[in-house]
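*Asks:* Before I ask anything, here is the structure I am working with.
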Amino acid sequence: MSSVTIGKCYIQNRENGGRAFYNLGRKDLGIFTGKMYDDQIWSFQKSDTPGYYTIGRESKFLQYNGEQVIMSDIEQDTTLWSLEEVPEDKGFYRLLNKVHKAYLDYNGGDLVANKHQTESEKWILFKAY
C-alpha cells in the first residue's frame, strides 16, 4: 500500500474534485466542490483493529450504519474503514466500511455508501498542514 496520510487531512473525490466536510454547528455532513474551508479537515487515524482507520472531525467519527453515512459520538466497528488501493489511479483509494462492506461514495452533495464499485468512490487523502 502506498503511503497514507495519517493525521489532519482533506478527503477529496477523484470524480468531481469535491472534499468531504462536517460542520458540527450546522450538523451538516457532505461533499463540497468549491473553496477549501476548515470544516473539510479530518483526522485520519489508525484504529486498534489492524488494517482499519477512523475518520473523525469535531470529536465525532464518520460512520455508515447500514442505511446512511452519519457522524457518531462513539468509535465502534461501524466507524472503521479500510483502504483499497485503486491500481489504475495512483494515490487514490476506496474507503470500505468494516461492518457493512460498503464503499464511501457521494450523491449530489451528500456522502453515501454502496456495495458496488463505481468511479465516484475513489478518494485521495492529502495533508491539511
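Every residue gets a Cβ built from N, Cα and C, even glycine.
Predicted, not measured: the structure shown is a model, and the values here were computed from it.
The carbohydrate binding site annotation in Swiss-Prot covers PHE21, TYR22, ASN23, ARG26, LYS27, ASP28, PHE32, TYR37, ASP38, ASP39, GLN40.
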*Asks:* Determine the minimum-neighbour residue: among ASN23, GLN40, listed as binding-site residues, which Cβ has the fewest other Cβ atoms within 10 angstroms?
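*Replies:* Checked ASN23, GLN40; of these binding-site residues, fewest Cβ neighbours within 10 Å: ASN23.
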*Asks:* Taking every protein chain shown into account, which of the binding-site residues PHE21, PHE32 has the largest tally of Cβ atoms within 10 Å of its Cβ?
*Replies:* PHE21
*Asks:* Just report the maximum Cα pair distance in Å for the recorded carbohydrate binders PHE21, TYR22, ASN23, ARG26, LYS27, ASP28, PHE32, TYR37, ASP38, ASP39, GLN40, no decimals.
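*Replies:* In whole numbers, the farthest two Cα atoms are 16 Å apart.
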*Asks:* CB neighbours of LYS27 (carbohydrate binding site) within 10 A?
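*Replies:* That number is 9.
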*Asks:* With every protein chain in view, what's the tally of Cβ atoms within 10 Å of the Cβ of ASP38 (carbohydrate binding site), excluding that atom itself?
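*Replies:* I get 9 for this one.
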*Asks:* DSSP on LYS27 (carbohydrate binding site), three-state: which is it?
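*Replies:* The residue in question, LYS27 (carbohydrate binding site), is coil (DSSP, three-state).
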